[in-house]
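Student: Before I ask anything, let me first share the structure, which is written out below as structure tokens.
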Amino acid sequence: MGLDAVARLGVNILSDDDQVSVDSITLFVALLCGCIVIGHLLEESRWINDSITALVIGLCTGGIILLTTKGKSSHLLEFDEQLFFIYVLPPIIFNAGFQVKKKQFFRNFVTIMLFGAVGTLISFSIISFGAKELLGKLDIGFLELQDYLAIGAIFSATDSVCTLQVLNQDETPRLYSLVFGEGVVNDATSVVLFNAIQKLDLSHINSRAALVFTGNFLYLFLASTFLGVLIGLLSAYLIKKIYLGRHSTDREVALMILMAYLSYVMAELFDLSGILTVFICGIVMSHYTWHNVTVNSKVTTRHAFATLSFIAEIFIFLYVGMDALDIEKWRFVKDSPGKSVGISAALLGLVLVGRACFVFPLSLLSNCLKRSEHDKFGLKQQVTLWWAGLMRGSVSMALAYNQFTRFGHTQQPGNAVMITSTITIVLFSTVVFGLITKPLVRFLLPSSQGFNNLISSEQSFARPLLTNGQEVEVEMGNVDPLRPSSLSILLKEPSHTIHNHWRRFDDAFMRPLFGGRGFVPDAPELSKGGCDQY
């Protein structure tokens, strides 16, 4: 009788609502599997990527649900907007830092920071100002100044993952590196801007408010970076000292994953930018921690982080596809569809203009700072860079949900319009721009030269960064004994000089303490694969 009672209790544990949730989760997971299978089948086309596949499947599923529920809902599941920040975005951003190609990233570091940080600030200013001027005249509902500033941060965030899926790293390696590097720095800068805006007191607009905003931005940027470095170094030191791999590979992998997530939640605990913190932590862990684990753990962590990031990315685009048909949001704009289209077109135009206003001027500035003609950006390369960063995706959607919804719902007309406009822009830019990017790159850069000819000077750049002194002498042959002074080298090649000094400091102090390539003899290196090295 006791067993019968337990059995009856187990049957009755799930209420009707719980059963509906289980059914919805089952169908949602099945759709994720379908996205992966269909994306694989379409992969060789190089026209339709996984993001587009997930969006289309989400739209079709949302349409079917809308018909079966007689227009009541298009969702399988409804989530709190914080879900995207707490569970979905961290694996995407961490993997971007963990898998970053550090050779290419630091070769183009100045250009990447110029486009990713300075360019994002320029785009943010133009989009925020344009949105206030244009949307204010369209009478979309009550929006505060903070909302317009948030719009600037939301639409300044590019979707580097979606862009990179339609580019070929072998055909255009430097373009790939610049787009990837700019994308991750851009995402981090946009989120830091968004967080700084949330803390801004707009009741009194004056010079002091501008200084407070700048101070908050710098504080969030520097403090988040410091926390990411601290957690990354702590994980490296722990794994190097206690060497968990002697007894359990599982413990090594688990500790790396949990320490990575710890960096994010600690940043949120201290009201910092978790996105920037987890990105920096990923770079530090790939440089130190990853080399302190066993070979099996290296393979496991590399693929585990990439897999989690891939699933999270597909999850977001599948959900956005279904949310695009949400009746609750669209009922606020059904009486004036022309206005909704106008708002989306105006915001998309601001995205195009905002990116053009920093890509071309900053490319000109970058060309002025480079002495070699091979290192300079031609007009076709500039157009390619401009176009490659026009897509909007997961970060924009997460920020928009955070700003304009509460628990996935909104009852304010202005907020609903902004959500539908964001969805429209994400759909349009991902599908249309994603389909056009590949043929456009082939048209602008018909052969694999394009950006490849810009790498002709990379060997000279790489010598002081990637090799030791003996190798430099072997490669360069006869070296002029009259070496220029350190100051003249710093003025002529600041990136090279600073990075060279950092490598010496890293080899002398950091790697012996925290581990790294060549400093952990007990953990053999992989002959192939793994995180890219300096």
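Yeah, the Cβs are placed from backbone N, Cα and C, and that goes for glycine too.
Note that TrEMBL annotation is computational and uncurated.
So TrEMBL has the following annotated:
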- 29-442: domain 'Cation/H+ exchanger transmembrane' (DOMAIN)
- 20-39: transmembrane segment (TRANSMEM)
- 51-69: transmembrane segment (TRANSMEM)
- 81-98: transmembrane segment (TRANSMEM)
- 105-128: transmembrane segment (TRANSMEM)
- 217-239: transmembrane segment (TRANSMEM)
- 273-291: transmembrane segment (TRANSMEM)
- 303-322: transmembrane segment (TRANSMEM)
- 342-365: transmembrane segment (TRANSMEM)
- 385-404: transmembrane segment (TRANSMEM)
- 416-436: transmembrane segment (TRANSMEM)
Student: Sequence-remote contacts (6 or more beyond its ends) of the transmembrane segment (81-98), Cβ cut-off under 8 Å?
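Tutor: Residues 160-161, 180, 183-184, 187-188, 260-261, 264-265, 268, 274-275, 278-283, 285-286, 290, 302, 305-306, 308-309, 311-313, 315-316, 394-395, 397-398, 401-402, 405-408, 531.
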Student: I'd like to know if the transmembrane segment (20-39) touches the transmembrane segment (51-69) in this structure, counting it as a touch only when three or more C-beta pairs sit under 8 Å and are separated by 6 or more positions.
Tutor: yes
Student: What stretch of 105-128, 303-322, 342-365, 416-436 shows the most Cβ pairs under 8 Å to the transmembrane segment (20-39)?
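Tutor: Per the Cβ under 8 Å count, 303-322.
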Student: So which of 105-128, 342-365, 385-404, 416-436 is most in touch with the transmembrane segment (303-322), counting Cβ pairs under 8 Å?
Tutor: 385-404
Student: For the transmembrane segment (105-128), could you work out the same-chain residues 6 or more beyond its ends whose Cβ comes under 8 Å from its Cβ atoms?
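Tutor: That would be 148-149, 151-153, 155-156, 174, 177-178, 180-186, 188-190, 193, 347, 350-351, 353-355, 357-359, 362, 365-366, 369, 385, 458, 461-462, 465, 494-495, 499, 534.
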